[in-house]
Amino acid sequence: MIAEAGLAALWLAAALAALQLVLGWMGVSSQRTDLLAAVRPVAVVQAVLAGISFVTLIWLFVTVDLSVALVAANNASTKPLLYKFAGTWGNHEGSMLMWVTILAVAGGAVALFERRLNERTLIATLSAQAAIGLGFYAFLLFASNPFARLNPAPAEGQGLNPLLQDPGLAFHPPTLYLGYVGLSVAFSFAVGALVTRDVGAAFARAMRPWVLGAWILLTLGITAGSYWAYYELGWGGWWFWDPVENASLMPWLAATALLHSVTVLATREGLRAWTVMLAVVAFSMSMVGTFLVRSGILTSVHAFAVDPRRGTFILALLAIYIGGALALFGFRVGTVREGSRFDAVSREGSLVINNLLLSAILGIVLVGTLYPLVAEAVTGEKLSVGPPYFNSAAGPLALILVAIMAAGPIMRWRRDDLKATLTRLAGPMLLSALVLLAVVLLAPGIGILPLLGLVAAAGVGVASIAPLWGRNLRRTPLYIWGMVVAHLGIAVSMAGMAAESAFTRETLVAGRIGEEHRVGPYSVRLDDVQPIAGPNYTAIEGTVVARRGNGAPFTLHPQTRNFPSPQTETNEAAITTLLDGQLYVVVGRSDDEGRWQLRLWWKPFVTLIWLGGALVAFGGLLSLIGRVRREMRHAPPRETI
Amino acid sequence: MALKAKNQRLILALLALAAIVGAALLAMSALKDQAAYFYTPSDAKKDHVETGRAVRLGGMVQKGSIERLPDGVTINFIVTDNAETVPVTFKGIVPDLFKEDSGVVAEGSFQPDGRFVATNILAKHDERYMPPQVAGQMHKTESLDK
């Protein structure tokens, strides 16, 4: 009965979304206050019902109800509890239910908490949110019902893809989905503002926390995904330009641009039409991302669901939402009032260039990701686009972007003087020159890209702290700190990427037990290999002892795991994090002569890549807290619903 | 030099246009060089991939072709799409799902003697995985055989 209850809640939530859309539509067009007033409670109840439906599915997974087809296909009673729980969204139907639940809850939160926006714009926003929700409810109810029964129920489920049985990955999709859905709220705000022709600072301030929140979660999701690929796949790399990675990078690029332009709109009343456009684009990118990952259309090493019918469904939704919003934008953009003016050399000017570069990079990634699909549709030829394309096309733009990032925050709003700006940039430029000199002298022969990366990281690192100079640090607003920390995070990440590609050392051997090998400054000895048993897998585990010079030895335990259900093997690299880098050990197979394959990497400062990502997200969080606190202080007294 | 509103919009529009055209040109030139990144053995024979360029080679590991060299970490094998074959050398730890008669994607480059030297063998997340390009190619050759 529990599954039926969940399905019923889902139908009811869908019906309420339809009601929300119709009520809001009629209310906004007729200006009837009774209709307008009814929309908020409907949005809240819809959120509650969607939540009930999702909790029901979690319950079915945790209790391993094998009479539900989805549970039988993705769960097993032998799985650790964490993965029964996380298995709820480790599959197509469950993840789509989570998507729509987060969407509904976000809509409910807007209905409950948003007080500063004018009523009609807010109701139009909630209608837009309901319209998005309806499409996804329809998708779930007609094309991927998570509550479908399986008769007869099997005695045991098929388990979860072992590669997904990892604490990091259990919480990776929710993070990204929360980010995607946060952008849907920004999109709804943009549609609402276009409908009521009310594009201005109030709308930008209402939208900004959602954009910031979405951006923080996308940043965290991408960082975590990169680290997961690094330690779980055993390739020792951290970014592959895989389409699934691009699917999360593209919304991030758009959200980053939107974040900067919405600030111009909120504080300076500039870039009105552009900001609305970006909000549409950012959500479009999360839809494209969902489409790419969920349609199974890609040549990806991790596109999970392969079902063309669903792909067609999402593609249709994509066309309706993006097409509809772009049409609305086209009709209404003429009525958006002129923003305030600014000089080319100014904070706004640098943010415009930042936006253009981010958009250009987004375009390059989008083209590279979709080109194979289009080419196949047009010529029938199957091909794929790889890292060489992305690096050579996006790399130069990224470097210019980073230079702008150093200059922008120390420029004044509205108009600035080029000479004065360059004077303020003297410090960072001097430091960059010193780093350039030092690297060329101390590490001759490193590639041009790592060299540029290190130099730029030093320059940006110093420039990003510059806005704090001469300020009273204790009275500096939190959102300034946020910007400083986020920009510093980019510098830290860049330093990590450059160091990793310039200084990594690798050793690959087949060795007998007891033999010593060298990698970078370490000597490494394989002491033992033993079979062991895990909760739902068996494994062979190596005991590897490493020491640096005459330092204290430490032990690592790389594993190769064998999962019976479904039959899969995974490599668990053993990674030791040291102050100046990571030692990364993978054990392979044995051969007839009793030798074991051993792959060793010494990766200096590689952790800076993800530390930087975390810093960027933390900067976003500081900014969000600062903004929200400021808004609350200025908020009108709370009304009752 | 405070600009007039109209001029400013015009300049912004021109800048945006320049950025888009620039990005498009960059993308096009990179695509022209790099787009053909994935090859099946038949494609590789047909298109004469220049030696030393980073590409992916996909196909099935030919039955009985895996040969392990005495150093313990180098293997030779043959990638086939049932029409053409390419000999491959790889130094490293092969992913667990690498075995005879199953799909494989190798990253690397062709050598002057026609051999493909792989720097990376892509791990698959699923035992049923076969690169779509290979599936299409196999389908084509099977249909031709009949």
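Positions of Cβ are set from backbone N, Cα and C atoms, glycine also.
What you are looking at is a predicted structure, and each value in this text was computed from that prediction instead of being measured.
Features as listed in TrEMBL:
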- A:6-26: transmembrane segment (TRANSMEM)
- A:38-62: transmembrane segment (TRANSMEM)
- A:89-295: domain 'Cytochrome c assembly protein' (DOMAIN)
- A:96-113: transmembrane segment (TRANSMEM)
- A:122-143: transmembrane segment (TRANSMEM)
- A:209-229: transmembrane segment (TRANSMEM)
- A:249-266: transmembrane segment (TRANSMEM)
- A:273-293: transmembrane segment (TRANSMEM)
- A:315-627: domain 'Cytochrome c-type biogenesis protein CcmF C-terminal' (DOMAIN)
- A:393-413: transmembrane segment (TRANSMEM)
- A:425-442: transmembrane segment (TRANSMEM)
- A:448-466: transmembrane segment (TRANSMEM)
- A:478-499: transmembrane segment (TRANSMEM)
- A:605-625: transmembrane segment (TRANSMEM)
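Highest Cβ contact count with the transmembrane segment (A:478-499) among the listed stretches A:122-143, A:209-229, A:249-266, A:393-413, A:425-442 falls to A:393-413 (criterion: pairs under 8 Å).
Taking every recorded stretch in A:6-26, A:249-266, A:605-625 and counting its Cβ pairs under 8 Å to the transmembrane segment (A:209-229), the highest total belongs to A:605-625.
Scored on C-beta pairs under 8 angstroms, the neighbour of the transmembrane segment (A:273-293) with the top count among A:96-113, A:122-143, A:249-266, A:393-413 is A:249-266. For the domain 'Cytochrome c assembly protein' (A:89-295), the predicted model reports an average pLDDT of 88.
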